[in-house]
Structure formats: C-alpha cells, structure tokens
C-alpha cells in the first residue's frame, strides 16, 4: 500500500516537471505576461492558487542565431618557429655595402720571371777584409826566379880551428910609440940580437976571440903598429856583432817574418793603435814597416795575408793634409794606393794601412791594426 502511494507521488512529480518544462519553453518563444504565467482565466473566476514547485529542466532547445562578434582579445604569446619553407625567388640587387677591413695577407706567389739586367752601378767602396780562405791545392813548380839581393850579415859563428900560418905580410906603417910596460921577469936567454946602437968609446980592451955571426933580427916598431890596427879593427867588428846580436834577439821576439833585400819585416800577430805600434817597433830597435818598392810591398803583403789582418805602415800626413811622409820627413818614393784613396774620409784619416791585396788605404790612427816592424 505504501509502495503504491510512493509510486503515484513519483509519477505526479514527473508530470509536473514536464509541464513546467513546456511552460518554460513556451515562455522563451512568446512574450510572457502575468496572465499567462499565473492565471488561465479572468481574475474574477476565483482566487489564485498557490505557487507550485518548479518543474524539471526541459530538453535543450535549438541553437540560436550567432551573436555579434565580441571585442578582439590581446595577442597571445608567439608560437614556436615553423618548418623552413621552400626557397623564394631572388630579390633585386641591393646597394653595395661599406668597404670591409683588409683581410690577412695571402701566401707568397711563385717567383716572377727575372727582369732584364739593370745598368751597371757605380763602383762601391772597398769592403772589409774577409776571413782567410782555406789553402788551395799545391800548384806546379814555377820557373826559377832571379837571384835575390844578398841578405843581412849573419851572427858570428863558433870559433873555428886555427888555420895554417899565412905568408908574411907587408910591413905596416910606423905606429905611435906606446907607453912603457911594467918590467917582466927575466926570461930564458934568447938568440943573439942584432947589433945595438954604437955606444961611447970605452977603454981599449984585450982582443977577444971572434964570435959566430948571428941571424938578422926583425924590426920591432912596424909590427907593433900593425898589430894595434888589427886589434882596433877586431874591436869594431866585435862591437858591431854585439849590436847586431842584441838587435837579433829583439827581432826574434817577433816569430813571423819576411826578408827582402837588406830588410826584414817581422810581426808577433797582435794589433794596436798607431802610436802604440810605433812605440813597440822603436823599443825593438826598428820602426813600423815602410815599403819603398814593389818587392818590399809584396813581402809585407805575405805577412798580412798570413795573419789575415790589415797592418799599419809608418807613413802619415799629420803635418800636412794629403802629403804623406816617412818618419824621417822624406816624401814617399813608392806608393800602392787603392782606387779612390787616400780620401781622408771623415776628416781624420792621417795614417796608412795595407790590405791583404797589397793595396794602401788611409785610416784613422786610433783604429787598431796589425803591428809589423821593419829591421
């Protein structure tokens, strides 16, 4: 029974819901009014009933006409880049841009074809002495040269054995009487001498036995004078030999040398300024090299080549510019200047040097050059 009542109530409720839905649908389609919503007959028919409950929501109506477009919203965030599209057509050529910076230098190109030879330039100054080259192969023997000039007198040799007695010489001139010597001890009686000067007559004696005739004696005074002259000559020779030997010892301090004629050029291989070089040679009993002929210049050149150093000569023009003289003041009797020399370059070249090619050049005296002395 109770179940029946509940079922009826549910059905009634559903009926009211459908009715309400129909009314809402109708109200949306027609203009609502107080009469249509509340009353179905005139007011005079009776009192209005109580408001019923809202019915169930009716079915969804048809889609209405589109409304007016709303205002544009704000731009959203940019999306991700899309895929690259196909290449477009080439645009028109633009105006040239500003000049760019200079790029790095490229690698050097191959050498070009040699150009034609230029004109020969002027002759340059003589360069410095180069290093001594290696000795070349030994050449063939040349023709025999001329006999050279006699060399200097050599030092005295050792005393030889006594030679055989020579022939009697011619009596010399009478010398001055010498001083009386001290009386010597009595010697063995010699042979009878020649008769002395006649003495004063004595008392007449008894006649004696005649003696044997003695040999004729030699004259004394001429022989003494000759011996004195010989001794003096020997003393001079000894003095000359002593001086020569003393100079020879000094010369031997210079190990390298060349002789020509009566001259010897010597060097010890060291270099000095002109004034000091001059002093070294003077103390050794000589002077700086002073070649007075082509032969002497060639001999000096051999020393310069062996040492591979230019050497000072003794000549200067310190007294008169351009006029070179020997240390004695004499003018030059021989010269072998290089082309364009002397030129007094810099206004201070008052001394002379000799190169390995034998040519001369004026040089400042303060420079250091090889010391070569002449004896």
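Just so you know, glycine gets a Cβ as well, placed from its N, Cα and C.
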Fill in the blank from the handout: Candidate ranges 223-251, 252-280; Swiss-Prot annotation coiled coil resolves to 223-251
Fill in the blank from the handout: What DSSP gives for residue 281 (disulfide bond), in three states, is helix
Handout entry: DSSP helix/strand/coil residue counts for the compositional bias 'Pro residues' (105-114)
Key = 0 helix, 0 strand, 10 coil
Fill in the blank from the handout: Taking every residue in the domain 'Collagen-like' (46-222), the average pLDDT works out to 70
